[in-house]
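Engineer: In case it's useful when we look at the structure, here is the feature table from TrEMBL:
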TRANSMEM  21-43  transmembrane segment
DOMAIN    93-383  domain 'SAM-dependent MTase RsmB/NOP-type'
BINDING   Cys186, Ser187, Ala188, Pro189, Gly190, Gly191, Lys192, Glu209, Asp240, Asp258  S-adenosyl-L-methionine binding site
ACT_SITE  Cys312  active site, nucleophile
Amino acid sequence: MNYCLCIKLPFADIKVLLSRFLTTHCLAFAGGGFSSVSIFGFINRFVSTTLSFQQATKRHKKERSLCQQVLNHFDQQYNEELCGLWASARAVLLDPHSWQYGIMLNRFSAVNDITQILQSQGFSMLLSQTDPCPSLQCYIHPYPVRFPSQAHRPGQLKQYYLLNAASLLPVLALQVREGEKVLDLCSAPGGKALAIMQCATPAVLHCNEPDPHRRHRLTKTLESFLPHSLNSRVTVSAQDGRSFGQSEAGLYDKVLVDAPCSNDRSWLYSHSSQQGEQRLKERARMPVLQAQLLRSALSAVRPGGIVVYSTCTLSSSENHAVVDTVLKDCPEAEAEDLWEDFAVPLSKNFTFTSAHPGHGGQTLVPQPGKTWGPMFLSRIRRRD
């Protein structure tokens, strides 16, 4: 039986009408193998989410104020570094209305109703069952529509997490397996930690974030998505990430370094010219901190273990240059090639650049129709 609803009533009135409808037809629904309670819960969530989806899609985002100083800097740097991709990437970054969003489902919550809603709205799975992590379910839409965020529900886990789908790539490259010890060195706001838990259940997931405000957000995110039964496996700390190489040397099987960086999307819309100028000064100092964090991670991982280094900037000085600098000082580590087995299978939905061939790492460049990114990732193995 198919229903087509044209909803113009207040949502409270719609719920009352649906409740009466279900009460009247309870026996008919029960005969189909469903309880009236479960069906009402589904329709309640369906209507609520669908209405919010339509409102979020139609509502215009607040106009962002472009920082001309940052854009000028990007033009000068990226015209040279991106081998012709900057013009189209620039057009995407300057049009926030074109940005796409992914919806990562939570395997620890009931998501069948959300899956049906997503499919009915034209969303499709980002990853196939043959991709690196088949249990990671993320839905994307071919157009820049925005699914509504989900409010905290006391006693219930959230069903999905909104993110730029490029954020999943470092987690896929990390290849976390059941029972491994994993360190998320710069964990806030927590999206990549959640993605790790969708891929596998590690023996330990250590989420580190030194900034108190970001750490509070990280903790709330983990509490909203992960069951209490995992509390003994998932821990949050406030250490300086540069200290792990000494304090926890060789302890982890996998380490993710999603390093602080000059976030291109965010910095392009700095609140003022003064903030933009300050950020450009920070940009010049950023590679020093990033290299220190990567060195710490390579010491914290066991021989034979994997470190993934990632940023959300297109800047080669924070990406390939950082990896090259650290590897020169760490003969026990080597970068792995991510092109053939990683980038090529994912190229249907992502645009990778070959601007730095031979370095092993991959840079994801936002392009029209594939607006994900920016994102850089490099997978480094510590030799046995």
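Every residue gets a Cβ built from N, Cα and C, even glycine.
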Engineer: CB neighbours of Asp240 (S-adenosyl-L-methionine binding site) within 10 A?
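Structural biologist: I count 12 other Cβ atoms within 10 Å of it.
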Engineer: For the C-alpha pair, I'd like the distance in angstrom between Ala188 (S-adenosyl-L-methionine binding site) and the residue listed as 'active site, nucleophile', rounded off.
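Structural biologist: Rounded to a whole number, the Cα-Cα distance is 14 Å.
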Engineer: Check the DSSP secondary structure of Lys192 (S-adenosyl-L-methionine binding site), expressed as helix, strand or coil.
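Structural biologist: Note: Lys192 (S-adenosyl-L-methionine binding site) is helical by DSSP.
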Engineer: Which whole number of Å gives the largest C-alpha distance between any two of Cys186, Ser187, Ala188, Pro189, Gly190, Gly191, Lys192, Glu209, Asp240, Asp258, the residues noted as binding S-adenosyl-L-methionine?
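Structural biologist: Overall maximum Cα spacing for these binding residues reaches 20 Å.
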Engineer: Can you tell me which of the binding-site residues Gly190, Lys192, Asp240 is spatially closest to the residue listed as 'active site, nucleophile'? Compare CA atoms only.
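Structural biologist: It is Lys192, whose Cα lies nearest.
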Engineer: Can you give me the average pLDDT across the domain 'SAM-dependent MTase RsmB/NOP-type' (93-383), rounded to a whole number?
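Structural biologist: Result for the domain 'SAM-dependent MTase RsmB/NOP-type' (93-383): average pLDDT 95.
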